[in-house]
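> So TrEMBL lists these for the protein:
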{"type": "TRANSMEM", "residues": "21-42", "note": "transmembrane segment"}
{"type": "DOMAIN", "residues": "110-516", "note": "domain 'Major facilitator superfamily (MFS) profile'"}
{"type": "TRANSMEM", "residues": "154-171", "note": "transmembrane segment"}
{"type": "TRANSMEM", "residues": "178-198", "note": "transmembrane segment"}
{"type": "TRANSMEM", "residues": "204-225", "note": "transmembrane segment"}
{"type": "TRANSMEM", "residues": "237-258", "note": "transmembrane segment"}
{"type": "TRANSMEM", "residues": "264-282", "note": "transmembrane segment"}
{"type": "TRANSMEM", "residues": "347-368", "note": "transmembrane segment"}
{"type": "TRANSMEM", "residues": "374-395", "note": "transmembrane segment"}
{"type": "TRANSMEM", "residues": "402-421", "note": "transmembrane segment"}
{"type": "TRANSMEM", "residues": "427-450", "note": "transmembrane segment"}
{"type": "TRANSMEM", "residues": "462-482", "note": "transmembrane segment"}
{"type": "TRANSMEM", "residues": "488-511", "note": "transmembrane segment"}
Amino acid sequence: MPSFDEVLKEAGEFGRFQKRVFFLLCLTGITFSFLFTSVVFLGKAPDNYWCRIPGAAESSKRCGWTLEEEQNFTVLPLLLGNRSSRGQCERLDVVWDTSTSCTSPLTPYSNHSTGNLPLTACHDNWVYKQPHSSIISEYDLVCGSAWMLDLSQAILNLGFLAGAFTLGYAADRYGRILIYLLSCLGVGICGIIVAFAPNFTVFLLFRFLQGVFGKGTWMTCYVIVTEIVGSDQRIVGIVIQMFFTLGIMILPGIAYLVPTWQGIQLAISLPNFLFLLYYWVVPESPRWLLTRKKGEKALKIVHNIAKHNGKYLSPHYTEITISNEEVINPSFLDLVRTPQMRRNTLILMYAWFTSALIYQGLVMRLGIVGGNLYLDFFISGAVELPAAFLILVTIDRIGRRLPFAISNIVAGIACFITAFLPEDTPWLKTTVATLGRLGITMAFEIVYLVNTELYPTTLRNFGVSLCSSLCDLGGIIAPFLLFRLAAIWLELPLIIFSILAVVCGLLVLLLPETKGISLPETVEDVEQLS
C-alpha cells in the first residue's frame, strides 16, 4: 500500500484545493492577532479624568455647571497649590451640599492658602471626559488599581496556556477541524460577553476563556495547513504568520474608527463566527484520520483533493498505509520517552520561551516613546514583514536550522550592542534594537514551522501546543522582567535578552534538519531523523 505522501503527490501537493483551504485558514491569523494585541487599544489611557468631590454631581446639576466648569472648581486649586497633583488620585477633602456657592464653591475654605488645602486619597467616583473609551475608564483601573490592566493581559496569556494543553490534546483526540470550529464559536461568544461584562471580574473570566479558545483556533489551523500540503510546501506556515502581522497593521485602523472599547471588542470578535462556515469547505486532516484507523475517509478526502486540483488519481489507490502507532491519551511523557524526541522537545520549549520573552520585551521597549499610538502601532507591524520575506527566500535554499540559529544570534548581538550605545545617539539605538526585533521575529516564525515538522502525526497537535505553551509563559514574565530589571539599570533587560537569544541560537543547531523531508508519522520516524 502507498503512503499518504505518495498519494498526495499524485493528487497535488499544493493545488487549487490546498490554496483555497490555505487562504481561508490564514484569515484566522488576522483575528488571533487582534485578540493578542488588542489590550493596547482596549486599555488606552484616558485623556482627561479627575476625582469627583462628594456632592459635586448634585451641585453641578443644581448650578448648571458643565464638566469643564466642575473640573476647574475641583482640579484648579490643586494645580495652584500643589503642582504634583492633578486631581486624579487625590481630591480636596471637602463635601459640597445645597449650601455650596455656585460661583465660588471653595469660599468656606478661604482661610486656607492654596498650598494648604486639605487633601485625601481618591478611592472611587472618578469622572472621565470619555467614560466608555477604554476598559480603564469603564472599570476605574486607575491610581491604586492601575495594575489590574496588566492583570487583564496576564489572564489572557493564562488562557493561551490553558488552551495549549486542553485544546491541543483535544485536537489530537477528537480531530483538528472539530476543535477548530468549536474554538471559533467559543472566541466569538466569549468576545461578546467581554464587551458587555457588568464588572471587571466577569471581564477577566471571559477574557481568560477567550484566550483558551483563541489558542485553539490559532494552533489547530496551523496544523491543518501543514498536514494537507506536501513536504516541499510546508513553508506556507510562514505565510500564515504574515497574516498575523497584517492583523497588527489593521487593528489600529479599527481602533481609530471605533470610538468605544466595546465597539472595538465586538469588531475583533464577531468575525470568528464567519469561520463556522468552514464546516462545509475545510476537510478533516487526512493524516489525522489515518492515525485513527479511518483510512476510507482519508482516501475519500484525497480523491476530493485530486478532483479539485484537476489531477487523476490512479485506480489502484484503494488503500493508504495506516499508521500502526496510535496514541489514545497523549501526555508529556510521550514527548520525552525516546532520546531524539526528548532533545527536540526540551530545545523547542526553550526556543518558544526565549522568542516570546524577547519579542514582547523589545516591543514594549520600543513602545515607550510616546507619539501617535495608531501610527506607531502600524509601523511596528510593518517592521515584521521583512522577517517573513527573508524566511521565504532562505528556508528552502538553506534549510530550517541555519536561519533559525542565525536569527537568534543576530537578535542577541543586536540587543547586546544596543545596551552599550551612547544615549546621545537615539536613532542608532533604535535602528540596532529594530534589527534585534527583526531577528527575533524571524526566530519566532521559524519555530512554528520546525515544531510541526519534528513531531509525528499522532502527537503533532499536542506537541506543538505543549511546546508553544512556553511562549505564553514568556509573555506573562516579559513585562515584569523588563520593568524590574530596568529599575536597576535601564539596559539590563537587553543584556539578559542577548544571553537568552545567543544560547538559543546555539541549541537549535542540535535539532535535525527537516528541509524536504516528509512529515514523520510515528515516533520511530522522528528517531530516524538525523
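A Cβ is built for glycine as well, from the same backbone N, Cα and C atoms used for every other residue.
Not measured: the values here are computed from a predicted model.
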> Can you tell me which parts of the same chain pack against the transmembrane segment (462-482), counting only residues 6+ beyond its ends and a CB-CB cutoff under 8 A?
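Here the qualifying positions are 150, 153-154, 157-158, 160-161, 163-165, 167-169, 171-172, 215, 219, 222-223, 330, 332, 334-335, 345, 348-350, 352-357, 360-361, 364-365, 448, 451-452, 454-455, 493, 496.
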> Taking contact to mean 3 or more CB pairs closer than 8 A (sequence separation of 6 or more), are the transmembrane segment (402-421) and the transmembrane segment (488-511) in contact?
yes
> Let me check one thing: do the transmembrane segment (264-282) and the transmembrane segment (237-258) come into contact, meaning three or more Cβ pairs under 8 Å with sequence separation of at least 6?
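Contact between the transmembrane segment (264-282) and the transmembrane segment (237-258): present.
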